[in-house]
Amino acid sequence: MRKISNHGSLRVAKVAYPLGLCVGLFIYVAYIKWHRATATQAFFSITRAAPGTRWGQQAHSPQGTAADGHEVFYGIMFDAGSTGTRVHVFQFARPPRETPTLTHETFKALKPGLSAYADDVEKSAQGIQELLDVAKQDIPFDFWKATPLVLKATAGLRLLPGEKAQKLLQKVKEVFKASPFLVGDDCVSIMNGTDEGVSAWITVNFLTGSLKTPGGSSVGMLDLGGGSTQIAFLPRVEGTLQTSPPGYLTALRMFNRTYKLYSYSYLGLGLMSARLAILGGVEGQPAKDGKELVSPCLSPSFKGEWEHAEVTYRVSGQKAVASLHEPCAARVSEVLRNRVHRTEEVKHVDFYAFSYYYDLAAAVGLIDAEKGGSLVVGDFEIAAKYVCRTLETQPQSSPFACMDLTYVSLLLQEFGFPRSKVLKVRMPSGHTAAPLWSEGPGTTSLVAGVVSPSPSLASKELQSLMHKPFLSA
């Protein structure tokens with residue numbers, strides 16, 4: 001019986017980083033306030049490194065110090081996603097009387113996510129400490145005490161019962177408090193879905209330059225993670241504001257202007273959670289009596305095991321199915337029924353799509369695996385039908401490909417996107433797409449953020465990123 005596993009132990013996957021398995025990484029310079037005044041002051045008031053500053057010895061360390069007169073400071077952001085924990089070490093430089101610029105980023109990822117240790121929180125500490133060691137090697141010793149350190153957890157922990165999630169966060173907090181970095185009482189927290197969407201929207205609009213002109217056009221954001229999916233855009237139609245359900249609109253004050261965003265996170269509709277729902281499983285619970293989960297989205301002759309959130313499920317295809325796509329689409333539609341709010345305005349807003357949208361599109365050749373590209377929503381449906389037909393005769397090649405592509409196709413249509421709608425699907429240069437199916441399900445490509453007390457981090461350097469391939473038109 002074939003076993004398809006999402007996760008191993010909490011360690012660096014030996015080939016994960018070199019092969020770009022943690023893809024779709026997008027530098028989320030999130031507009032999330034520090035609640036601790038000392039951290040705010042430290043984050044922006046560190047003077048440049050004095051002569052003799054000790055630099056860490058790591059392959060990804062910054063390339064020298066900033067020029068004379070530039071302030072240098074750092075931030076450490078842990079992203080605790082549903083399928084992995086990631087650390088981002090950011091270096092900033094601020095010229096006199098100018099806004100800071102992002103000058104360097106170090107990234108490292110571990111699998112599985114924190115939620116996998118809900119029943120054994122002590123085991124989570126080892127991986128967190130390993131990622132802290134990355135920060136120690138990357139940041140000059142003299143900066144440690146003034147470098148803010150935070151962890152933001154997303155869908156993986158939101159799916160856990162409250163008590164289990166808090167125990168995990170408390171363990172991380174203990175490890176953080178024992179570190180030499182600057183931490184506050186709010187150094188670890190679970191990011192709600194609205195914050196995820198808002199942070200993503202701010203970032204993509206910073207990087208595309210859409211926020212430079214007050215009242216100018218903006219772009220929308222689509223993100224598909226492992227446990228949840230987000231959509232965010234700035235409505236221009238009064239009908240959208242009037243008909244949006246409670247909780248879908250949020251006010252954001254930035255640059256002396258208030259933005260009323262449409263932003264929502266659908267917990268349980270990330271790609272991996274959706275797989276489980278389509279299979280008929282329940283999040284965090286083994287199948288009763290080891291029962292096999294049967295799906296019309298898998299080849300009739302397929303039998304195997306699939307691991308999700310540290311639970312292994314026996315899965316198989318549904319017998320006597322003449323074709324895969326139609327019954328699979330019917331099953332996916334059942335899962336999505338009444339789960340997603342549809343708004344007409346998305347038809348007229350330019351959208352960028354990230355994370356698993358990228359992985360899936362790259363895996364079937366809809367976009368360039370290195371540069372990204374543009375596609376129409378209907379391309380996912382065409383790819384789904386083709387892959388489903390292929391799996392009818394080659395069941396072992398990519399068992400979940402039919403399911404995943406069918407799900408994404410119907411999810412986008414449920415959001416209100418017509419088949420002819422163009423989406424820009426992008427990923428940072430220097431990363432490569434994950435082989436989602438060749439070795440079983442891929443790891444999620446969650447985005448992360450660096451906490452910043454000021455939106456001024458939308459600097460010239462950050463804005464210049466819009467010229468890189470992953471944000472080009």
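Keep in mind that glycine also has a Cβ here, set from the backbone N, Cα and C atoms.
TrEMBL entries are annotated by machine, without manual review.
What TrEMBL says about this protein:
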TRANSMEM  12-31  transmembrane segment
ACT_SITE  Glu196  active site, proton acceptor
BINDING   Gly226, Gly227, Ser228, Thr229, Gln230  ATP binding site
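DSSP gives Gly227 (ATP binding site) a coil state; it is part of no helix or strand. Under a cutoff of 8 A between CB atoms, and with a sequence separation of 6+ in the same chain, the neighbours of Ser228 (ATP binding site) are Ser82, Thr154, Ala155, Arg158, Gly193, Glu196, Ser265, Tyr266, Leu267, Gly268, Leu269, Gly270, Ser273. Neighbour count (other Cβ atoms within 10 Å of the Cβ, all protein chains): 30 for Gly227 (ATP binding site). A C-beta separation below 8 Å, combined with a sequence spacing of at least six in one chain, links Gln230 (ATP binding site) to Gly193, Glu196, Gly197, Ala200, Met221, Leu222, Asp223, Ser263, Tyr264, Ser265, Tyr266.
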